[in-house]
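Taken from Swiss-Prot, the feature topological domain 'Extracellular' covers 1-29, 93-110, 174-192, 368-382, and the record attributes it to experimental evidence. The feature N-linked glycosylation site is assigned by Swiss-Prot to Asn3. Sequence annotations record features per position, and here Swiss-Prot assigns transmembrane segment to 30-50, 72-92, 111-131, 153-173, 193-213, 347-367, 383-403. Among the features that Swiss-Prot reports, topological domain 'Cytoplasmic' is placed at 51-71, 132-152, 214-346, 404-419. Taken from Swiss-Prot, the feature Na(+) binding site applies to Asp80, Ser122. Per Swiss-Prot, the feature disulfide bond maps to Cys108-Cys185, Cys372-Cys375; the stated evidence is experimental evidence. As annotated by Swiss-Prot, (2R,3R)-nemonapride binding site applies to Asp115, Ser196. Marked as compositional bias 'Pro residues' by Swiss-Prot: 238-254. The repeat '3' feature in Swiss-Prot is assigned to 281-296.
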Amino acid sequence: MGNRSTADADGLLAGRGPAAGASAGASAGLAGQGAAALVGGVLLIGAVLAGNSLVCVSVATERALQTPTNSFIVSLAAADLLLALLVLPLFVYSEVQGGAWLLSPRLCDALMAMDVMLCTASIFNLCAISVDRFVAVAVPLRYNRQGGSRRQLLLIGATWLLSAAVAAPVLCGLNDVRGRDPAVCRLEDRDYVVYSSVCSFFLPCPLMLLLYWATFRGLQRWEVARRAKLHGRAPRRPSGPGPPSPTPPAPRLPQDPCGPDCAPPAPGLPRGPCGPDCAPAAPSLPQDPCGPDCAPPAPGLPPDPCGSNCAPPDAVRAAALPPQTPPQTRRRRRAKITGRERKAMRVLPVVVGAFLLCWTPFFVVHITQALCPACSVPPRLVSAVTWLGYVNSALNPVIYTVFNAEFRNVFRKALRACC
């Protein structure tokens, strides 16, 4: 988060190397560090731009990837792209200079604001994905058919608005303090460092963990219930001499032993001579004047023009049967939802692990600097945890796309086209 630019009581360039040691920037040690920062920065910027650009292009060109859930991935990729374009070049420049800020203070303030907003947006997008997956598991059918696009747009809009709100104080003159050193680019207000750290990490991180835990538990309960239903389906089927048949609109009556000329009695007709369960076949039934395609009207339907007691047979069948989704369609829909969420469940440990690995050290170090001015934090540690936080922007495309078979196929097509 932009908190990499956190205030440093010991004169450290928050997340950008030792500001107090700018005078020694020409030394051999700092020159070597500057060269390493330049090479590492170029590689990191290239990885972030390539990975996240490929994500955006894949979703824009591949219709199969244009799903509501992937809109969060595009928003996350956009935040990381802006970070690589607007923040990382200036960060690398400062690292190459040994931590000294040789540009204007206004540009420093703009860098701080962009850093805070874009890094906060990146983490908030991760939280939005966790919210979306939790909803997909909690109410899967409703998730697919009710207000999906609107929900995603609201979450993405809230992500960017909240990120801008966290960064707004920097643009409103928070860094304009007396005695400000123009050679140091950092956040000057320790209270703001605590505020931005809490809003950007210490609140959304537990929320994301809680939602992922609830998602994982919900998927486990879903899987247990599905297996129990599959195993318990056979005993509930009716037993009989013949194989079970799919449920028809009307119950099937057993065949009469009288022979092929015997049919089950129609309602209201006398029993046939063959037996109590048999009536003469269709020829003994009175012919309807409207023809063979006429059937008695169903309750609640208007009479057919050909007669007061006649209605089209299709209308009768439609009225007699309650509206139902075919069992095959329901099974396919459940299988599709279950398969998608199984993939999400397999990715969850990778998502949470990478997030915590990249961001926890950074926020622990920088909030410690803000809350404990007397604590001495090595400049190299500050720089290392800052780099680690930025690396998360390069890992996001790997986590959210390489583990997805559809994205993998699109990436292969793109690489083959380029090669």
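Cβ from N, Cα, C; glycine included.
All features noted in Swiss-Prot, drawn onto the structure.
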| residue | record | Cβ neighbours (10 Å) |
| --- | --- | --- |
| Asp80 | Na(+) binding site | 29 |
| Cys108 | disulfide bond | 22 |
| Asp115 | (2R,3R)-nemonapride binding site | 31 |
| Ser122 | Na(+) binding site | 28 |
| Cys185 | disulfide bond | 28 |
| Ser196 | (2R,3R)-nemonapride binding site | 29 |
| Cys372 | disulfide bond | 11 |
| Cys375 | disulfide bond | 12 |
Among the recorded positions listed as Asp80, Cys108, Ser122, Cys372, Cys375, the Cα nearest the Cα of Ser196 ((2R,3R)-nemonapride binding site) belongs to Ser122
How many of the residues that make up the topological domain 'Extracellular' (174-192) does DSSP mark as helix, as strand and as coil? 4 helix, 0 strand, 15 coil
Report, as numbers and ranges, every residue of the chain located at least six residues beyond the transmembrane segment (111-131) whose Cβ falls under 8 Å of a Cβ in that stretch; write 'none' if there are none. 1-5, 69, 72-73, 75-76, 79-80, 82-83, 86-87, 90-91, 155-156, 158-160, 162-164, 166-168, 170-171, 175, 185-187, 196, 199-201, 204-205, 207-208, 211-212, 215, 351, 355, 359, 389, 392-393, 396, 400
Nearest to Ser122 (Na(+) binding site) by Cα distance: which of the disulfide-bonded residues Cys185, Cys372, Cys375 is it? Cys185
Summary of DSSP states over the topological domain 'Extracellular' (368-382), given as helix, strand and coil counts: 8 helix, 0 strand, 7 coil
Mean of pLDDT values spanning the topological domain 'Extracellular' (174-192): 87
Looking at the stretches 72-92, 153-173, 193-213, 347-367, which one shares the most CB pairs under 8 Å with the transmembrane segment (30-50)? 72-92
Ranked first among 153-173, 193-213, 347-367, 383-403 for CB pairs under 8 angstroms with the transmembrane segment (72-92): 383-403
For the topological domain 'Cytoplasmic' (51-71), the DSSP helix/strand/coil residue counts are 18 helix, 0 strand, 3 coil
Between Cys108 (disulfide bond) and Asp115 ((2R,3R)-nemonapride binding site), how far is it from one CA atom to the other, in Å? 10
